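As recorded in TrEMBL, the features of this protein are as follows:
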DOMAIN    B:25-305  domain 'Gcp-like'
BINDING   B:H111, B:H115, B:D299  Fe cation binding site
BINDING   B:V134, B:V135, B:S136, B:G137, B:G138, B:D169, B:G182, B:N271  substrate binding site
Amino acid sequence: MLTLVIDTSTPAVTAGVYEVSGPGAVERLADGAVVDARGHGEHLAPLIDGALAEARVAPRDLAAVVAGLGPGPFTGLRVGLVTAASMSHALGVPAYGVCSLDAVGFAAAGGGGPVLVATDARRKEIYWGLYDSDGERLAGPEVARPAELPEAARAATRVVGDGALLYPEVFPDAKDEWRYPPPQVLAFLASGRIAAKAPGEVLTPLYLRRPDVHVAGRQQRMT
Amino acid sequence: MSLVLGIESSCDETGVGIVRDGRLLGDCLSSSMEQHIRFGGVVPEVAARAHLEAMVPTVREAVDRAGVSLSDVDAVAVTSGPGLATALQVGLAAAKGYAVALGVPLLGVHHLAGHVAADTLEHGALPERSVALVVSGGHTSLLLLGDLARDPIVHLGDTADDAAGEAFDKVARLLDLGYPGGPAIQRAAEAGDPEAIRFPRPTTGRFGFSFSGLKTAVARWVQRHDGPLPVADLAASFQEAVVDVLTAKAVDACTSHGVDTLVIAGGVAANSRLREVAEERCAAAGVTLRVPSPRLCTDNGAMIAAVGSMLTDAGAPWSRLDMSTDPSAPLTGALLSVTR
């Protein structure tokens with residue numbers, strides 16, 4: 001089943017096309033990413049168009065759309081989710097959401113103890129999740145200052161994700177690997193639902209923060 | 001013969017319209033207004049979150065009401081500016097998604113051209129030349145129009161500071177009438193005397209506007225006043241000052257440019273006193289007045305589909321898939337396809 005994958009939860013604007021032939025059976029046809037933290041709106045549609053063309057897949061041949069639900073900076077994250085939702089609607093195919101950190105955690109798992117995944121939440125904070133050696137999430141997703149992570153998260157034996165690289169003083173051992181959610185892993189994590197033709201889902205973003213607003217008072221009287 | 005899907009998300013309204021050959025087949029509007037009231041104004045992040053939630057359901061409903069199928073759509077038009085950056089992003093990304101999935105052209109359009117085009121849905125094509133007064137919460141412009149889809153738009157005058165709708169919001173807050181200010185002032189003014197207080201009619205140049213000083217004049221009057229405020233008279237007198245200056249300049253623009261048609265559009269065009277005075281003054285000057293019905297004056301998707309329909313008929317070039325939003329786009333033409 002031809003599946004389009006979209007993730008815009010990190011500076012890597014990502015799209016890919018995969019053949020999902022069963023739970024856990026995912027073949028890459030084409031994918032691409034552009035790293036541009038302020039360019040999700042500009043890069044995503046051309047990346048989708050390009051991946052479909054490279055895979056020689058017409059949009060109407062798609063059977064499912066998978067989107068990374070974040071957490072991620074709001075504006076970019078919404079670009080991916082509304083694109084996935086509108087394409088799913090236009091094509092009449094189900095959309096499935098996957099926590100974007102899960103894709104990084106699954107990809108980086110193995111090799112012993114738990115893995116901490118950290119992506120950039122801006123404002124001196126990170127989005128984080130903790131994963132066991134099978135890639136199962138143990139804690140998170142949450143948002144926090146790197147130096148204020150809970151004890152459990154700090155017990156991780158490895159730290160991955162582009163958020164970790166931003167804070168070398170807190171994560172001196174962070175490796176430049178698995179910086180962004182790999183789209184093929186997003187497809188893999190949704191492959192059970194895709195193969196089972198599970199009902200489509202509303203793609204609800206993992207914002208993890210409330211909007212910054214304050215209630216305005218009465219306008220000041222001028223003197 | 002083209003069927004255009006129009007998407008609007010520049011402020012707090014998620015609007016979707018379906019237009020075929022200049023005729024509105026169906027539309028749907030989802031507003032996040034209720035969520036902004038307690039903040040006294042539109043909060044961009046709150047609006048953007050609401051757009052994401054509302055987008056697909058609003059498109060689905062508009063398509064149902066139009067009695068068409070999405071696969072019949074020939075082009076997707078979308079507001080690419082001006083407006084709130086985070087809000088515009090949602091509509092533009094959705095429009096790109098629909099355009100890619102359906103394999104049809106994408107057209108980025110200017111929000112204010114949409115306001116003007118809304119009138120064509122009810123009153124047919126615009127004449128060869130017309131003057132448009134676009135008045136909303138974010139804009140106050142007097143425009144000289146030719147063919148909206150083909151010709152550049154000439155600005156005769158703009159506001160030097162606050163937009164007319166912004167002045168309504170600020171004065172409404174000053175008088176504790178709540179938000180949004182336009183409908184609140186209009187309601188309060190019904191029981192008031194528009195001649196009770198003579199507020200200034202500030203202007204900048206023959207066709208320019210300025211509403212910041214008027215707002216300050218109301219504030220000063222309120223501050224100097226002892227005892228309970230005559231809220232109805234204040235609202236009516238303020239509204240009269242705005243309406244007076246808007247209509248006088250719009251009619252002057254028509255007569256001095258030899259144009260016989262005035263279009264008033266944008267959210268403030270829903271104001272009943274503005275419609276009434278404009279009607280009187282246009283009649284006296286021999287100018288034909290065109291104003292969309294109130295539901296098409298405020299932000300909506302039908303107006304964007306209407307521009308898209310005109311642009312499609314005019315053979316306008318498709319917008320590229322990497323086009324950007326342009327939150328502060330000046331109005332120079334109906335097509336707004338910016339790539340960075």
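Cβ atoms here come from the backbone N, Cα and C positions, even for glycine.
Feature annotations (TrEMBL) mapped to structure.
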residue: B:H111; record: Fe cation binding site; DSSP class: helix
residue: B:V134; record: substrate binding site; DSSP class: strand
residue: B:G182; record: substrate binding site; DSSP class: helix
residue: B:N271; record: substrate binding site; DSSP class: coil
residue: B:D299; record: Fe cation binding site; DSSP class: coil
Set of same-chain residues at least 6 away whose C-beta sits under 8 angstroms from B:S136 (substrate binding site): B:L112, B:H115, B:A163, B:A164, B:G165, B:G266, B:G267, B:V268, B:D299
Sequence-distant neighbours of B:V134 (substrate binding site) in its chain (C-beta under 8 A, six or more apart): B:L112, B:H115, B:V116, B:T140, B:S141, B:L143, B:A265, B:G266, B:L331
Cβ neighbours of B:H111 (Fe cation binding site) where a neighbour is any other Cβ within 10 Å: 29
Recorded substrate binding residues, B:V134, B:V135, B:S136, B:G137, B:G138, B:D169, B:G182, B:N271 - maximal Cα separation rounded to whole Å: 17
Which of B:G137, B:G138, B:G182, the listed binding-site residues, has fewest other Cβ atoms within 10 Å: B:G138
Cβ neighbours within the same chain of B:D169 (substrate binding site) - under 8 Å, at least six residues apart: B:G41, B:G137, B:Y179, B:P180, B:G181, B:G182
Output field, Fe cation shell: CB within 8 Å of site CB centroid, site B:H111, B:H115, B:D299 dropped: B:E8, B:S10, B:T79, B:L112, B:G114, B:A118, B:S136, B:G266, B:G267, B:N300, B:M303, B:I304
Between B:H111 (Fe cation binding site) and B:N271 (substrate binding site): CA-CA distance (Å): 20
Listed in sequence order, residues with CB under 8 A of B:V135 (substrate binding site) and six or more positions away: B:A163, B:A164, B:G165, B:L246, B:I264, B:A265, B:G266, B:G267, B:V268, B:A269, B:L274
Within the predicted model, mean pLDDT of the domain 'Gcp-like' (B:25-305): 96
Integer Cα-Cα distance in angstrom, B:G138 (substrate binding site) to B:H111 (Fe cation binding site): 11
